[in-house]
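Novice: Below, the features straight out of TrEMBL:
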- Cys89: active site, nucleophile (ACT_SITE)
- His206: active site (ACT_SITE)
- Glu208: active site (ACT_SITE)
Amino acid sequence: MKFGVIVFPGSNCDDDMVHVLGTVLGRETVKLWHKEESLGDLTTDDCIIVPGGFSYGDYVRAGAVARFSPIMKSVIDFANRGGYVFGICNGFQILCEAGLLPGALLRNREQKFIAKNVYIRAETDNAPTNRQLSPGQVLRIPVAHAEGRYYADEDTIFRLNQNDQILFRYCDGAGEVNLESNYNGSIGNIAGICNENRNVIGMMPHPERASEELLGNRDGLIIFQSLAKAVAAAN
């Protein structure tokens, strides 16, 4: 299997993703430009990454314009056919705007851009990114966003909980989920979710920025290792 990394005008984490997936993990990785109408030779045996950044300058709202890029029609079709799609930060926002994930990402509670290392707790091991994690395991991962406050209506939150679709919650270093660790005001401290079919995943923290000892933190690498192993095993 191989990875395809979507590149929009304003993407700024695509090179980081290509480095982690291609150099650190040793997986074949290609870039896909937003104006392309197809995913090239990628099939549902592969995995699409929608990286972070400020696609189209985040005009209107984060991800709202990127959702209408030509390539997103192919990404939506790819996901609907069972292909794996992983969106990080702006990628998560785009997947919500595209209707591939439920809910929305709103302005942070304090109306400020947040850039810091935070702790997140794995809520399940029942998702491609989480297969090598234990429920309750705590990771230290950077965040960098102004519109990261996850919100969904009461019925949607109920279904996310009921279906084990909440993958990560913001927590403190001891794994406690509390108000103090909810940096952006996300409902239920939600930091990452998946769809009902578990093939579309989104999270606000940036695991690609915590995947090498050189950066002083490798907590994020296990997420990509888990994803790559799960996608390969599914084919």
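Even glycines carry a Cβ here, placed using N, Cα and C.
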Novice: Just the number: how many Å between the Cα atoms of Glu208 (active site) and Cys89 (active site, nucleophile)?
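Specialist: That separation, Cα to Cα, works out to 11 Å.
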Novice: Could you measure between Cys89 (active site, nucleophile) and His206 (active site) for me? Cα positions, answer in whole angstrom.
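Specialist: One finds 7 Å between the Cα atoms of these residues.
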Novice: Is it possible to get the count of other C-beta atoms within 10 angstroms of the C-beta of Glu208 (active site)?
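Specialist: That number is 29.
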Novice: When DSSP is mapped onto helix/strand/coil, what comes out for Glu208 (active site)?
Specialist: helix
Novice: Out of Cys89, His206, which has the highest number of nearby Cβ atoms, where nearby means within 10 Å of its Cβ, if these are the active-site residues?
Specialist: Cys89
